[in-house]
Amino acid sequence: MHTLQQTVADSVELKEEGVFSGQQIRLVLEPAPPGQGILFVREDLPGAPCIPLRPENILGTDGATVVSDGRHSVYLVEHLLSALHGLGIDNLIVRVWGPEIPLFDGSATVFVREILCRGIRVQPVPKRFVEVVQPFQVRNGVGIIRFRPADQFIIRVRIAFDHPLIGEQSLSLNINPITYQRELAPARTFGFKDDLLRRKEKGILRGGNLSNAIVLDEKGVLNGKLQRSDEFVRHKALDLVGDLFGSGWAFKGEVEAELSGHRLHIEALKNLLSAPGATRLSDGIPTRIFFFLPPCPQPAAKRGIDLGQSMVR
Ligand SMILES: [Zn+2]
């Protein structure tokens with residue numbers, strides 16, 4: 001694992017239609033100083049409100065992970081967070097003109113490719129980790145997540161869908177930038193045609209098209225081919241890597257997730273962080289103090305008073 005903090009060497013700019021809002025979304029990833037962490041800035045709202053990536057600002061829903069300070073939100077952060085966690089980026093300013101992060105092809109490939117294209121800058125400050133020090137588990141309905149201490153970041157994921165192409169799939173991986181890029185980053189999200197049509201009719205999905213995900217009917221894939229037969233569990237692992245970055249600190253330990261989703265990932269992470277003696281920060285501080293720390297400092301470009309209203313309800 002890396003021992004020093006990292007940021008991007010230069011800014012990355014991306015644009016695409018948002019699947020929830022249907023708006024054209026502009027996204028700029030900027031270098032940030034050591035200790036800054038990950039900071040989301042809603043540039044389209046008055047005063048450009050900032051939302052630091054911190055445990056109390058992350059929410060898991062059934063279909064996406066959301067960064068929110070209670071008034072302002074950014075939807076669909078999980079694949080970007082996964083790319084940052086997988087590549088070992090600690091500090092970044094995420095400027096977004098709209099209420100969501102673009103989905104692109106439903107994987108983390110675009111984020112990984114563009115960040116590596118600009119380069120990664122190593123910063124002369126020790127990297128910050130959340131470290132599991134005692135076994136801990138969270139169960140919610142059929143889903144369960146188990147955490148165990150380990151010197152690496154190890155994930156074990158199992159999914160089960162009553163579908164001829166999916167069935168039961170499992171994957172174990174020691175996550176580092178090489179394994180992440182090779183094994184997880186290209187795996188695309190997936191959805192079922194009937195569910196997507198229902199969400200379109202309800203107005204939940206105002207944008208998006210068949211290039212944003214693997215779309216399945218009851219028999220097979222409606223839009224092209226799978227990259228690998230277990231692309232589904234690889235994407236679930238990609239999501240888990242993203243959600244485990246919800247504290248804003250890199251994760252150290254073993255995580256076993258069965259039949260889980262964003263809601264359970266985030267619930268489990270928050271429970272883990274607030275459980276007495278279950279985790280510590282890399283400088284030895286119990287993680288429960290997380291919830292009492294002041295917000296991250298805002299970047300120099302932050303200006304004005306926050307008058308914005310959340311665009312996501
Ligand atoms: Zn996903």
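Each residue, glycine too, has its Cβ placed from N, Cα and C.
Residues or ranges marked as Zn(2+) binding site by TrEMBL: HIS79, HIS235, ASP239. Taking a C-beta cut-off of under 8 Å and a sequence gap of six or more, HIS79 (Zn(2+) binding site) has these contacts in its own chain: ILE101, LEU103, PHE104, GLY106, SER107, ALA108, PHE111, THR189, LEU238, ASP239, GLY242.
Reduced to three states, the DSSP call for HIS262 (active site, proton donor) is helix. Per TrEMBL, active site, proton donor is recorded for HIS262.
Of all Cβ atoms in the shown protein chains, 22 besides its own fall within 10 Å of the Cβ of HIS262 (active site, proton donor). A straight line from the CA of HIS262 (active site, proton donor) to the CA of HIS235 (Zn(2+) binding site) spans 12 Å. For the recorded Zn(2+) site, residues HIS79, HIS235, ASP239 set the reference point as the centre of their Cβ atoms, and the other residues of that chain within 8 Å of it by Cβ are GLU78, SER82, GLY106, SER107, ALA108, ALA187, THR189, LYS236, ALA237, LEU238, GLY242.
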